[in-house]
Amino acid sequence: MAAGLRKRGRAGSAAQPVGFCRQWLQRAWQERRLLLREPRYTLLVASCLCLAEVGITFWVIHRVAYTEIDWKAYMAQVEGVINGTYDYTQLQGDTGPLVYPAGFVYVFMGLYYATGQGTDIRMAQNIFAVLYLATLLLVFLIYHQTCKVPPFVFFFMCCASYRVHSIFVLRLFNDPVAMALLFLSINLFLARRWGWGCCFFSLAVSVKMNVLLFAPGLLFLLLMQFGFHGALPKLGICAVLQVVLGLPFLLENPIGYLSRSFDLGRQFLFRWTVNWRFLPEALFLHRAFHLALLAAHLTLLLLFALFRWHRTALPPAPACLIPGLGLDGHLQIVSTLFTSNFIGICFSRSLHYQFYVWYFHTLPYLLWATPAGWLTHLLRLLVLGLIELSWNTYPSTCCSSAALHACHAVILLQLWLGPQPFPRSGRQGRKAH
């Protein structure tokens, strides 16, 4: 009899999740008119879109021709390290010298071996397809926890972007790897795993330096959460990891490694610019123009830090599904990081086509998280569409570059003038590890 009770108990416990899922789906069907408008259905809509993306992504791989741009150069640079060259100034590829930090070398060294020394392109595409789906999952988890963006917007973030599919599975750039690690770190910040979050943030920086555009926002959050002395260990994690990853190259030629992998003054070619095509090439290349952009970038970051980002401790962080608990903290973390990155992109000296993934998945949040009566759903979708069109115009034109800046200006104006996506709060957050 006792055995029978145990069997019924196990059966009952196994049936509970099934019953919960059935009730959830029935409720979703009953409220199907709200399904695409209510953020609480983010996970359901995201699940459907991820399943659709599996088919779309692998259709793209098999039906659209692969385009060689940097993959062979990546493999040549990694092969130089495998052959024993640790001097960064001696590592070259078909498209130029190695200009990425050490994490890039280790990641693409793994891909070098997984793809038969870089020769199995189809295997590389399949790996990047899995990376793309994993990135989507991480992004949807962020949106689920912030509960701000209506689910119908996610269709435009997934299935409708040709350029992003191309960057991931037809070009095999290193930018998607860096962004996947970045989104993983943001999920860890939302879970209040600040130490682990800083670790993966530093890993993302070690793959490509563009992730540093999020660094001002992260520094602000660490200072507000832990204070100056409490933030130092977290910043130490970021610094120590960079040293450990780069140690073989630092021991060989420290100046060469730092000047190549963290070259803040690298000159970009005018022919590839997406955002400054309407400028004369001489002005585009002029150092005074670069300094003016840097000054505008730093000024706007300072203004947002002083007047838009809150200076209160972050509240605890239970899930978004628990009403009234932790949502303000989630919004503060995501808003600060996404805005910090977006400001940097607005004032970048040049944007190349693969750089689209630096902020593509953050655009729905930037457009919908801040309430603005003058910016209707239709206008927000128009902004998204114009941004997508600008990035899909090749080669870029004066009109496409101007349209991109106009869309960026609309988003910046909304972020500055609109009410905060999170209310002011004086609650003190508990210290997290």
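Including glycine, each Cβ sits where the backbone N, Cα and C put it.
The annotation transmembrane segment is assigned in TrEMBL to 41-61, 98-115, 127-146, 177-194, 200-223, 288-307, 355-374.
When Cβ distances are compared across the two stretches, the transmembrane segment (98-115) makes no contact with the transmembrane segment (288-307), since fewer than 3 pairs at least 6 residues apart fall below 8 angstroms. Here the transmembrane segment (355-374) has long-range neighbours at 135, 139, 142-143, 146, 148-150, 153-154, 156-157, 161, 163-164, 167-168, 175-176, 179, 183, 210, 213, 274, 331, 334-335, 338-339, 341-342, 345, 348, 380, 383-384, 387, 391, 411, 414-415, 417-421, meaning same-chain residues at least 6 beyond its ends whose C-beta is under 8 angstroms from one of its own. When each of 41-61, 127-146, 288-307 is scored by its Cβ pairs under 8 Å to the transmembrane segment (200-223), the top-ranked stretch turns out to be 288-307.
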